[in-house]
Amino acid sequence: MLYQLLHTVLSVTGVTLNAFMMYLALTKSPKIMRPCSAIITIKTFTDILTSAMSFFVMQRIVTDGSSILVIPTGPCTRLGPTACYVGHMFMLCFLECNLIWMISSYIFRYYILYVRDPSIKSLVFVALCLSIPSFIHMAAWIRSYDPNEAFVVPDSFGLASSHLILGGHIVYRSTITLILQLFITSVLVLIAYAWIRNTLLSFAIKMGSDKNDVKNLNARLVKVINFQVFLPTFIFLGFFIFAAMFGRYITVNIAQYLVSIAFMFSPICSPFSYILFVPHYLNVITGNKKPAENRATDMCAVRAFKNPNVSVTMTNA
């Protein structure tokens, strides 16, 4: 019961924070920030779906290396094992899509910096294209799942017979595959972070490090990505807990609760990277109206510094 309560609090918090961030991005972003608001909207949308699936399943993951069991305790249990397995797969898939979109957002920032602002339609199209492989992969696993497949529950897990338990060959292979994919994608996020951070610093040098506006802009951009790179650490934490259980380095008594909880903190913390470090959104929340010239260093105004004839004066949305 305590685990379900904790999962509910985390899921509701994740949905609420990301819905609020989506509201800010859609309704409070000035015109000059539209490309970035689209990027933020897509990111928060996947975070909302991740949190919703977490609530739907409220899963524990147990393994000793020879078997992997998923114990759902959420609303999906009323619909049966297939619904819970679908929810389990959707949650892991949305987490992966979230990480992939983080990498894509870094690439888009480079594109905005050195080429031009992409259209919102192109951003949505790219997001859909990036999601398709993950969903096809997930659909293949779901199609192969057999809720009637027999499997053995090790006595060492201490699971009651009254629990709804998902197990078997497909659960084993799909879970270990997707968790490994999450780990690999998180590593790619770190690589992309190092690249975009160096790009921002190089841009500041090219534009002249003696310009205060460029200094402030890049400092804020670096703060955003520094915060965002912290998000995959929760995926790493969940992965290493799972790996420790898998290798029998830790007992399952407490570890079985920690994998999903660790994963949940990534969508919960994500909105703060924008709320805390994008001045426009922070000013909207605090009701602080700063002069237009101080607001010109928002995230998507960066390209204007390449051309001194371009005005970056922004107005409230």
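Glycine too: its Cβ is placed from the backbone N, Cα and C atoms.
Residues or ranges marked as transmembrane segment in Swiss-Prot: 5-25, 38-58, 83-103, 122-142, 176-196, 227-247, 258-278.
Segment contact is absent for the transmembrane segment (227-247) and the transmembrane segment (122-142), given fewer than three CB pairs below 8 angstroms at sequence separation of 6 or more. Spatially, the transmembrane segment (83-103) is not adjacent to the transmembrane segment (5-25); fewer than three Cβ-Cβ distances between them are under 8 Å for residues at least 6 apart in sequence.
If you look at the transmembrane segment (38-58) against the transmembrane segment (258-278), you find at least three C-beta pairs under 8 angstroms, all six or more positions apart, and that counts as contact.
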